[in-house]
Amino acid sequence: MLQQADGHGSGSDAHGGEALREGLQEFLGGEASLQQLDDLTKVNPVTLETVLRCLQARYMADTFYTNAGCTLVALNPFKPVPQLYSPELMREYHAASQPQTLKPHIFTVGEQTYRNVRSLIEPVNQSIVVSGESGAGKTWTSRCLMKFYAMVAASPTSWESHKVAERIEQRILNSNPIMEAFGNACTLRNNNSSRFGKFIQLQLNGAQQMTGAAVQTYLLEKTRVACQAPSERNFHIFYQIYKGARADERVQWRLPEGAAFSWLPHPERTLEEDCFEVTREAMLHLGIDAPTQNNIFQALAGLLHLGNTRFADSGNEAQPCPLVDDAQCQGSVGTSALLLGLPEDHLLETLRIRTIRAGRDQQVFRKPCSQAECDTRRDCLAKLVYARLFDWLVSVINSSICATPDSWTTFIGLLDVYGFESFPNNSLEQLCINYANEKLQQHFVAHYLRAQQEEYAVEGLAWSFVSYQDNQPCLDLIEGSPVSICSLLNEECRLNRPSSAAQLQTRIESALTGRPRLGRDRLSPEPSFTVLHYAGPVRYSTAGLVEKNKDPVPLELTRLLQQSQDPLLKVLFPADPEEKSQEEPSGQNRAPVLTVVSKFKASLEQLLQVLHSTTPHYIRCIKPNSQAQVQIFHREEVLSQLEACGLVETIHISAAGFPIRVSHRNFLERYKLLRRLRPATTPGPHGPCPAGGQSAPRAPGRLCCCFSSAASPLATAVSREALGS
């Protein structure tokens, strides 16, 4: 008998506890057999210890995938395992009559979603949520799933349609290296960390052939262009052009061998992701020709030189800040201006002089910037160019791979978002990232842990409720109404008043006092607040939070870039006639501030609406150790990840629940032939059968049959057929 998580069981507590201990010792005694358990619902008793030992035994035996009821657990091997993702293995899972009988794999999940879309009865859009900490293997998992779908969904009959499908498949796969080059970076925890979120919609026609795809991105960490944490790197693409440029390109882009750039830390590291040719080839396949590529890389080189521009304190606030008296710095402004197609004097003036309009007549004043303001404007210029370039690349990719609305009927969505993050210094980027992870965890809780148990109760099935950790209090703290962390940050931006980091900390603590998920590190040397996330506590520094949330872009910078003679920047910053009449408003005329948090929250809500309209599937990526070492399994680190995602509760519900759940209408539609073939029966004590031998209508309810492990042979056979097809 399965021991429930809430402790409900027969007999006294003492007897139950003794039985649990005996069962635990007996289970753990068979260490050799642990690696054979391919589904954690077979673990008995279900505890964190037994689940942990089972995963460890399988990991040490090079078995990296394990089922956990509705979830697939994926352990990062931290080494190449090519045979695990070969085309032959893809075809094996695709051709299997019942893929769930094969070894657990991401291809099992992929095939199940593909068959669900193929269902003749009510095809439903599918989604796969790939979650886990940074470095757990989410990007690799999404990449392999895309390859799987590209293979199984591109098998048309005619040669002409085969060539079309092959071209679409290649374009979809080529979008990966481009987005990873421009959106991924080496961090403390992961050499190829996604610094943005993406939802990839694979579009299928009525014949279940892939006709196209669409990419939606979320919150690019553009601050990384101008600011990299210690021991971390900038985006991969900067290292690719720095290391992979040909001799003539080095001359054109002003990238001599061994040149030092402030925004290019640790160029001596050699990573697999530094391969420039892969990115170039992928861009060609997506229609970005060589001249356009040259413009892109030249602009990126211009940003690197811009990062070498440093300002000194003028000592007189009426005078502009001079450049640092250094040969490299003095030449960097001119080089950056040349590569970006800008006049050097205009670039320097825009970085050092603010234009202010004041008074009833909107009189223009020119005010020299402080040294800190000059640095901020320089960084803002770089972030603005890179963010526009990234969005343009996404639009180019979508225009190349997206199908027309009338050419597809269903889709399979792949969600790959940044994992939960906690660093020594956490700011708005980490707050948004962890907020997104909280929302996705809540989606899982609502869709599976809570909804499934409530459905059993509505259906009148015998069920002992399994307790679980609900992260709603944490979401209320971050986004709740009327007062939350997000609302306080947005209000500070709206008021546009001077505010120190200490004042912001005091306001958050006083306004949100008593919230169970708000903590404070009293030993912290700097103003901060702590959020007790589902995956663990994170301390956020209040310094710079409001400014980052405003994300202000001085109008002078946009106008400067609109004057660029570079063909690419002309596309990224088209001249807007209306903008000439727009000046920075002041006082009561100021428009509502559209903050980073507001935009991110809106995009998250839109994403969740899409997920709620699909049938979701979950892949939990687990990081065996934080050093990315092969065959090392740190129990404490894995244990914290298992606790955070509620895996044990998931196993309890899956093991004690009903794995086969079919709606009444779909069940009747699929098996109506069996009703016609059944022999005539005598009317039972409840009255005669309705005319025509039809069953009386069932009371409203969602489930027709719920088959447990003790179901009859006929019921089990029928249920297996329903699941397999």
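Every residue gets a Cβ built from N, Cα and C, even glycine.
Since we're looking at a predicted model, the values are computed, not measured.
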Tell me which range among 259-281, 305-327, 604-626 TrEMBL lists as region 'Actin-binding'.
604-626
Counting across all protein chains present, how many other Cβ atoms fall within 10 Å of the Cβ of Lys138 (ATP binding site)?
26
Can you check which residues sit near Gly135 (ATP binding site), meaning Cβ under 8 Å from its Cβ, same chain, 6 or more apart in sequence, and list them in order?
Asn76, Thr187, Arg189, Asn190, Ser193, Gly419, Lys623, Ser626, Ala628
Once the chains shown are all counted, how many other Cβ atoms turn up within 10 Å of the Cβ of Gly137 (ATP binding site)?
25
Lowest local Cβ density among Ser134, Thr139, which the record lists as binding-site residues, within 10 Å:
Ser134
